[in-house]
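Below: one structure, written as structure tokens.
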Amino acid sequence: MASLLCNARIQLTDTLEQMQQGTLMRKVKSKSWKKQRYFKLQEDCMTIWYQSKRTGKTESAFSISDVETVREGHQSEVLQSVAEEFPPERCFTIVFYGRRGNLDLIAGSAEEAQCWIQGLRQLIEVATTMDQREKIDQWIRDWFQKADKNKDGRMNFKEVQRLLKMMNVDMNEDHALRLFQDADKSESGTLEGEEFVLFYKALTQREEVLSLFQEFSEDGKKLTLLELVDFLREEQLEDEGTEELAMELIDKYEPSETARARHVLSADGFLMYLCSVEGSIFNPQHRALWQDMSQPLCHYFISSSHNTYLIEDQIRGHSSIEGYIRALKRGCRCLEVDCWDGPNGEPMVYHGHTFTSKIPFREVVSTLGKYAFKTSDYPVILSLENHCSMEQQEVVAQQLKDILGEQLLTATIDGHVPTQLPSPEELKHKILLKAKKIGRLEDTLDGPGDEVPDVSDEDNGAEAEEERRRAKKDKETLAQALSDCVIYCKNVPFQGFQEARSHSRPSEISSLSEAKARKLIRDEGNEFVRHNAWQLTRIYPSGMRTDSSNYSPQEMWNVGCQIVALNFQTAGTEMDLCDGLFSQNGCCGYVLKPPFMRDKETLFNPSDPSSWEGPSPITLTIQVISGQQLPKVANSKEGAIIDPLVRVEVYGVPADQAHQETKYIENNGFNPRWDETLQFQLHVPELALIRFVVEDYDKTSRNDFVGQFTLAFANIKPGYRHIHLLSKDGTSIPPSSLFVHIRITEPPGPEQD
């Protein structure tokens, strides 16, 4: 059984054996909540259980694949709060993917802490480099452990029936018994080790993949190199270097050595390819950095967060450094800081006039300095809501300069007044402050910012007078040192597109509430698109959203707004769209806008079809074929099996917004078959996002969410593809997937006969 239980790539070191024996450590939730828990690595080397020392009850378990990283020492707010009591070498933090809270631990000695830190890191390395086959094997091991009630490493038929229920399979007893007996080669009445793998293989036989394989295979047993090339060209529409690709896929995914040597692909290898990155709906070349990064900042959509310091709601929520770390790790490039006067001359960050907790500004800046460029090299914009007195503004400026040093941009990149914004490429590894500024950028460049701006001849007298008055007023409320840190993102009130155009200052930026933005989209859609072709605009959620809910970012992107700030802490469709758009281009937080949104004289208006260039609509045809190992619905009744349906939603310009769904399949979350075709017309495909959602049908109440996957239309690969589903939190849930066929039909161009 051991061979089944432990991942083949894990070498059992002394460290791991020590972890399997178990260790008593303190779990810490706050300065006053520190309780002893017994932590133990399970035999599969992929699961950790911990139990209460007092009751001996297993409190919880987590899988190594849920862990993103391990931090050593006092690297969380909780552990910093007990720093005087416990030395850093005994402390560590386990950080999970998604929105799950950290696990802060204190070991009995530095040696024990190191044992767990190194051991966990070794296992995380294995978990993150698993291919699809290893993920499925791991999935089998997890289930085997859950169902092997008496822990004897074997499974009788009763245990197998329980397992099927747990796995979302509703199978009649005779059929289950037949599969069980076929796999029980030793005829012992139980399945162990390899027998269980055989049983699982019979259970997961993919008829729809087999018939596709046989369509292209002359003898029905293998695909020759040429047959595979035919499949790749005809179905997958791979048109460049297809022979090389076919050779590569055989080398990578064919399990049999002899088949590899003969350059053929078996049905097993074919399935492995279809389940791999190359067989995924997401174009693998677009996962990496694939766009031009040398255009002005305003030509990109920028991943942006609102109230970044909150990890719950906006009234009583907990303000936390973790909010910043999580956002930056997701590739977010515009963060928000609400800064208020704090005790002892130390500015604090929190949501003003509410009961949210507070964090020192200094800690936010240190975190920013440390994590800003771990996921992306491109610039971070720090959006500062400044509520501080003059004295503490000086402190804010000093802390920014002292802590960030070279990272903080304090001058234009070439020393000249910009005629357009610099590019992400030119601003690599720089942090830009977005805040109010005294006077104009040119005044800072001409020399010290003491004098109120001169009136030049070209300036209209009355307007210049107004600017003078405003600069004077700003000098009374703004510290010069802080004002001097603002270069390319000077906050100005929005006074209409004409007004902005007449000044033409690309380094100014206006922030609009979602309601104000919607009104402008409705009344002046084309002007809005033109404005965003040369200046940045930030949109933020309405103040009424005290529950930290989100608005749809799509309508804002439709007019080219770059900084569309969302509450990253709140899962849901809106964050799925955000993750979907920014999961391309190396997750760098910048996505280049389509050409018709980068032209200051563009005629494009998302609400007016007559303004769209391009030919008539393209057709997106999606055949939803089947689902694999769909997860159970959270908090569902014991033994309940889902009735899954698939809904495909299109987000884009108003004329393209649409959704269609399949029928639901009763009692089968394990391998449902739909075989239904859905079709959509896309007029502006460059702005379209496609969201695949699986739900558990319920005729009496709202359907329950099962999983989803969202991507930009531009990143879709046609042909037979798997869609690897994500949880509500945006984390992966292997091996849950959908199998689909995608066809994209362009309208015939005028040149074609």
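One is the number of the first residue shown, and numbering goes on along the chain from there.
Keep in mind that glycine also has a Cβ here, set from the backbone N, Cα and C atoms.
Database features, via TrEMBL:
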type     : residues                       : note
DOMAIN   : 17-125                         : domain 'PH'
DOMAIN   : 135-170                        : domain 'EF-hand'
DOMAIN   : 171-206                        : domain 'EF-hand'
CARBOHYD : Ser186                         : O-linked glycosylation site
ACT_SITE : His306                         : active site
BINDING  : Asn307, Glu336, Asp338, Glu385 : Ca(2+) 3 binding site
ACT_SITE : His351                         : active site
BINDING  : Lys434, Lys436, Ser511, Arg538 : substrate binding site
COMPBIAS : 444-465                        : compositional bias 'Acidic residues'
COMPBIAS : 466-475                        : compositional bias 'Basic and acidic residues'
DOMAIN   : 598-727                        : domain 'C2'
BINDING  : Asp696, Tyr697, Asp698         : Ca(2+) 5 binding site
Across all protein chains shown, the binding-site residues Asn307, Ser511 give the max Cβ-within-10 Å count at Asn307
Near the domain 'EF-hand' (171-206) in space but 6 or more residues beyond its ends, with Cβ under 8 Å, are 1, 3-4, 137, 140, 144, 153-157, 160-161, 164, 271, 626, 628-629, 670-671
Beyond the site residues Lys434, Lys436, Ser511, Arg538: chain residues whose C-beta lies within 8 Å of the centroid, for substrate: Ser383, Ala435, Cys489, Asn491, Ile509, Ser510
One finds that other Cβ atoms within 10 Å of the Cβ of His306 (active site) number exactly 26
If you count other C-beta atoms within 10 angstroms, which of the binding-site residues Glu336, Glu385 is the most crowded? Glu336
So for Asp338 (Ca(2+) 3 binding site), how many other CB atoms are inside 10 Å of its CB? 21
I'd like to know which of these recorded positions, His351, Lys434, Arg538, is least surrounded, judged by other CB atoms within 10 A. His351
DSSP on the domain 'C2' (598-727): how many residues come out helix, how many strand, how many coil? 12 helix, 60 strand, 58 coil
Taking only the residues in the domain 'C2' (598-727), give me the average pLDDT of this model. 93
Take the C-alpha atoms of His306 (active site) and Ser511 (substrate binding site) and report the distance between them in angstrom, rounded. 12
